[in-house]
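Below is one structure; the comments refer to it alone.
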DNA sequence: GCAGAAAATGATATATTATAACATTTCAAC
DNA sequence: GTTGAAATGTTATAATATATCATTTTCTGC
């Protein structure tokens, strides 16, 4: 059984650094600016493998000493989601760092209701099932939201 | 091609009456009360094949002469969603009447971004793909959200 | 029928999530 | 260094949702 969720005690700094490196590349390729604020928000989102709300980000930025208003955070989030660096989890009103922003994908999200962690998977069976179901009824897909709540393997077995 | 969305000019009164009849049965079977307020909210939701926000319901109830507060609407919605009579569309923060409340299902929702209509499908391929993907990673499913935005056949071809 | 318990609704206040509108600052290109 | 575009700051408010306690309605057992 592959483990979608990161192991406890994994080297999280590596996740963060890798994510930032990828984000820099994506921004560069898009001629978009990875500004200080955007970098801060992105880094905060990557502090954990959980989804983070806009106001949690706001609070975190504020306690870092900045006085930041909601539009600032929402603008950064919009920028990051538009580039695919961050995904919005609709069922949580929260935001989650994508670890494969370079590939164009219809992602699926597993959300553990016990530990709060989120994991993204790009699963061809699911994407194909969605595309096929849409095709059958003449529906032209623009965007998909697939969010699955439950217990991750760690929480289910401990 | 099967048409998931109802035809223009269909007999919508029939949809409404059938939905109410089913709701009465579901409530009866659950020994739950289909009170006046719940019936009103449910009927309002079924006025169209679109998803309706809580505050749209509130406004509709108010213009019917009642002075209703948010908790009243949210309580009715909670009751109806708990029984599976209504589904919440996460990506719209809105509520949608289920036309098969009696079968326990993981529903998928097609949302037309042009006409606003929503259609529910219970698609085994999709459910199975979700279950299989979860199984592969040892994830115990509690709930799923599958929402697909795009153009319905009518809007795509006209 | 009636008392008491439980369920539902009413009422008030407030929390949470998000955006509109306009001012100011920063930055890159020239 | 000027300028125009992009980004951020600032203020206000919209939209969505819930907590809490009071009152009313309904159900149950007698």
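Including glycine, each Cβ sits where the backbone N, Cα and C put it.
TrEMBL lists B:104 with the feature Fe cation binding site. What TrEMBL records for B:112, B:115, B:152, B:155 is Zn(2+) binding site.
Everything TrEMBL records as a feature, shown here on the structure.
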residue	record	DSSP class
B:104	Fe cation binding site	coil
B:112	Zn(2+) binding site	strand
B:152	Zn(2+) binding site	coil
Within 8 Å of the Cβ centroid of the Zn(2+) site residues B:112, B:115, B:152, B:155, which other residues of the same chain have their Cβ?
B:5, B:113, B:114, B:116, B:117, B:151, B:153, B:154, B:156
Rounded Cα separation (Å) that holds between residue B:104 (Fe cation binding site) and residue B:115 (Zn(2+) binding site):
28
Could you check the binding-site residues B:104, B:115, B:152 and tell me which sit with their Cβ under 8 Å of a chain A Cβ?
B:152
Show which residues of the chain containing residue B:112 (Zn(2+) binding site), separated from it by at least 6 in sequence, have their CB under 8 Å from its CB.
B:5, B:118, B:150, B:151, B:152, B:154, B:155
Chain-internal residues near residue B:115 (Zn(2+) binding site), provided their CB is under 8 angstroms and they sit 6+ positions away:
B:152, B:154, B:155
